[in-house]
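So that you can see what the record holds, here are the features copied from TrEMBL:
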- A:1-26: region 'Disordered' (REGION)
- A:41-108: domain 'Transcriptional factor DELLA N-terminal' (DOMAIN)
- A:150-174: region 'Disordered' (REGION)
- A:165-174: compositional bias 'Polar residues' (COMPBIAS)
- A:285-350: region 'VHIID' (REGION)
- A:316-320: motif 'VHIID' (MOTIF)
- A:364-396: region 'Leucine repeat II (LRII)' (REGION)
- A:416-420: motif 'LXXLL motif' (MOTIF)
- A:498-574: region 'SAW' (REGION)
Amino acid sequence: MKRDLHQFQGRLSNHGTSSSSSSKDKMMMVKKEEDGGNMDDELLAVLGYKVRSSEMAEVALKLEQLETMMGNVQEDGLSHLATDTVHYNPSELYSWLDNMLSDLNPPPPRSNGLDPILPSPEIGGFPASDYDLKAIPGNAIYHQNQFPAIDSSSSSNNQSKRLKSCSSPDSMVTSTSTATQIGGVIGTTVTTTTAAESTRSVILVDSQENGVRLVHALMACAEAIQQNNLTLAEALVKQIGCLAVSQAGAMRKVATYFAEALARRIYRLSPPQNQIDHSLSDTLQMHFYETCPYLKFAHFTANQAILEAFEGKKRVHVIDFSMNQGLQWPALMQALALREGGPPTFRLTGIGPPAPDNSDHLHDVGCRLAQLAEVIHVEFEYRGFVANSLADLDASMLELRPSETEAVAVNSVFELHKLLGRPGGIEKVLGVVKQIKPVIFTVVEQESNHNGPVFLDRFTESLHYYSTLFDSLEGVPSSQDKVMSEVYLGKQICNLVACEGPDRVERHETLSQWGNRFGSSGFAPANLGSNAFKQASMLLSVYNSGQGYRVEENNGCLMLGWHTRPLITTSAWKLSTAAH
Amino acid sequence: MSGKRISMVEKSNNKRQRVNQVPKFSINDHHDVLVEILRRLDGPSLCSAACVCRLWSAVARNDSIWEELCFRQVSPRPSLSLRSVVSALGGYRCLYFLCIRPVLARLPKLRWTRDQLQLSLSLYCVHYYERLYVGAWLGDAPPSSLMFLRKPVNVV
């Protein structure tokens, strides 16, 4: 111990700054902060480490963890620390330990997408690693305590305390002593900044540390809601708000939307009814269509399945449960126009919810499609149906013609899950589809289970799902389109988290769940061919050089995902009994 | 000067006179020949040719040139009905600039086959459909689902 102290003090005097006096100041400060203090406090203080008594337990725990990790980690891991890491102000032992631990234990991949708020400065020629503490001038958020029951007043006290203690950073050489103290593995030297930093008072923030805390806070809040502990949930929601601001990029947006949804759930503020917002949601979906390939993928793969099913038929009829702006159909009509043997007679029945201002927007969509059909010389017939819910439909309304003369396809993009909120809804619709006797029934749905009975499970699943989705949007340059797409997704999040009962319409389910449902209703899977796969792969490779997007085939269905996580699935079904 | 040299000079003078008597052939007077030549160019050369002068720019707008460019590597040749469809949707030149060139830029390793053509046509058709929406939108500009094709490609 004494030897270390001499080494340490020797180095201090070598640096020739006022470090000896500043270490004394620190000792005073530490002594002021702690009450009484036992041997450990004094030792640490003498070495120049600032540790609060409140954090002693945690510091001890982390020292233990670091010791075990240094024992377990191979030589290479530590040497990287020696050359690559810059630790600003490691005299703050708590933060230094956190930094070391996060270096040895890389954080979860999701937080890798975080952008530093400022680029890390290279001071004194030391290269900065990715896991650095990034220096941020001003009142950035610092660590918050692990225990969730802190309200905002005490956290601001913490902040001012930290400001005071960090305002005079020093240059110190450490860790040789610490290494020997801890477990004496290898003499790693970790050097710090020089006096260049002392000119500005900075708060040091580990943004990845905050990212992990943010996720923990979100989960804790959801758990609190699950257990009906609304006061705790309220406190956590405020904390989430603060933490979310300290993040950047996708994490920040996702956290903000989820925080808002949680707040709505806690305070029982229901979001505006879906019906009123229908024209807005149409617009938002258009922007979502343009920004990212999910809807395009859905349309192109479904169209390919329908095209193949319509081969050789002279009269075809498509019933679309998800008419919206009819963006799916131009591509199909063009493919039909150019197919061998000439185009068939194309009839389209579009079904959509009523417009808020009673304007017949389905009619307008039909007019535009008719215009296109005329241009490309396809005989076209159109009928629009307005229905509040698909369950209100009856096969008799659809004016079906005998199946010998007309082949029918049914298409649904992101619509079927909305029926799961009302009992009997999905069964009725599937019954209607069976009555229609389509040659193919194409379904596109989100690939995630957001319809479990337990709120916490739904919350966790949707947090992962939407984080991945927002991550995939990060590559898109900022524009109004992108913002609107995020609002579109945000509305889904809000509905998922904040609503219950029949209001909660975003009840996504996985392919296997839908498969069971369709199987028990009398449908058999129809494999999407390799043409669909090829088109989808090509489409995605054109988008942003295809980085990140993956098309997978799963039991004849196609899934589009971001890196390893599938996000949406296109599947095709036919009647399992002998058709016609 | 020697006699031989004088006669050589005279001969060349005569030749020059003869040449002056023949009317000059200017490619700009023969647009069909120009079109035939331009049809055999590749994309970048054709674009450069279209920048030479106003006349060439106007001639380069001839859609058959661009049709040839689009389908040169595709075999079998697409049907004639395709021509009417594409012309109705805005022509081959627009198809090339909006869809085919960006798609090709992003898929350099793939050969240009019917599949890429089909994809380009689908995107082109959607683009046409969206242009029908002009005036009906909340934003200022009409939506364009081909915006993703216009973004710069990071060629690593």
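Cβ coordinates come from backbone N, Cα and C, glycine included.
No curator has checked TrEMBL annotations; they are predicted automatically.
Taken residue by residue, the region 'Leucine repeat II (LRII)' (A:364-396) breaks down under DSSP into 17 helix, 7 strand, 9 coil. Beyond the region 'Leucine repeat II (LRII)' (A:364-396), the same-chain residues lying 6 or more positions past its ends with a Cβ under 8 Å from any Cβ of the stretch are 275, 321, 323, 325-326, 329-330, 333-334, 336-337, 343-355, 415-416, 418-419, 422, 424-425, 428-429, 432, 435-436. Residue counts for the motif 'LXXLL motif' (A:416-420) under DSSP, helix first, then strand, then coil, are 5 helix, 0 strand, 0 coil.
When DSSP labels each residue, the motif 'VHIID' (A:316-320) comes out as 0 helix, 5 strand, 0 coil, counted as helix, strand and coil in that order.
Mean pLDDT for the region 'SAW' (A:498-574) in the predicted structure: 89.
Taken through DSSP, the region 'SAW' (A:498-574) splits into 32 helix, 26 strand, 19 coil.
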